[in-house]
Amino acid sequence: MSGLIAPAYAQSGGDTPAAPNDISPDEALQRLKDGNVRYAANNLNERDFSAGRAARAQSQHPFAGILSCADSRVAPELAFDQGPGELFVVRDAGNAVDTNGLASIEFGVAVLGIPLLLVLGHSSCGAISATIDVIENGTELPGSLPALINHLKPGVERALAEKPADPMKAATIENVRYNVEQLKSESPIVSEAVASGKVMVVGGVYELSTGKVEWL
């Protein structure tokens with residue numbers, strides 16, 4: 001690999017000890033799935049949060065990067081039963097890929113060697129609801145909110161064009177799928193890592209009422 005990506009994955013070669021996140025994308029995904037099962041069943045792993053602080057102060061080795069909504073009811077570390085240093089989380093309303101978020105994700109892939117990226121939407125998303133309102137009713141929003149809505153429109157419009165029975169659910173799912181596509185197409189760093197098999201990009205929707213993630 002070229003550029004910044006090479007150093008992130010060079011650590012697993014030769015006599016250099018493998019980093020804690022030097023695992024396959026499939027293994028990383030299974031860790032998230034298993035953690036969510038534990039969370040939904042209220043059977044979380046016990047943790048000593050003071051353990052490993054000194055090591056974490058020197059470096060980080062997250063095994064998954066998550067683009068999540070800023071909604072206060074969605075906490076990826078809890079939803080996937082992971083401890084400090086295990087997830088690299090980027091959050092904004094509507095879990096949309098924008099320039100700053102993309103740069104953070106590129107850092108996670110290129111510098112930290114993250115093998116898995118997850119775009120995580122959720123039920124009852126206010127940003128998705130607002131986007132539907134703007135599209136269907138021409139509602140004008142104040143401040144910087146129109147810029148946010150513009151990032152969400154492509155996926156939401158694609159969903160609404162199919163005239164789904166449940167517009168909110170369909171728009172939430174399609175917004176996740178659209179942003180998965182954006183991650184893989186808008187960043188040469190991410191697309192190169194995906195093409196080489198070092199990174200996988202997946203989508204999911206978190207159901208607030210159950211705590212379960214529907215994998216897309």
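Cβ coordinates come from backbone N, Cα and C, glycine included.
Per TrEMBL, the feature Zn(2+) binding site maps to Cys69, Asp71, His122, Cys125. Per TrEMBL, the feature region 'Disordered' maps to 1-24.
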Sort out the sequence-distant neighbours of Cys125 (Zn(2+) binding site) for me: same chain, 6+ apart, CB within less than 8 Å of its CB, listed by position.
Cys69, Asp71, Gly94, Met168, Thr172
Just to be sure I understand the packing, how many Cβ atoms besides its own are within 10 Å of the Cβ of Cys69 (Zn(2+) binding site)?
25
Given the Zn(2+) site residues Cys69, Asp71, His122, Cys125, which other residues of that chain have a Cβ within 8 Å of the mean position of their Cβ atoms, reported in sequence order?
Ser68, Ala70, Arg73, Val74, Ala93, Gly94, Asn95, Gly121, Ser123, Ser124, Gly126, Ala127, Ile128, Tyr206
Determine the Cβ neighbour count for Asp71 (Zn(2+) binding site): the number of other Cβ atoms within 10 Å of its Cβ.
20
Starting from the Cβ of His122 (Zn(2+) binding site), draw a 10 Å sphere and report how many other Cβ atoms land inside it.
21
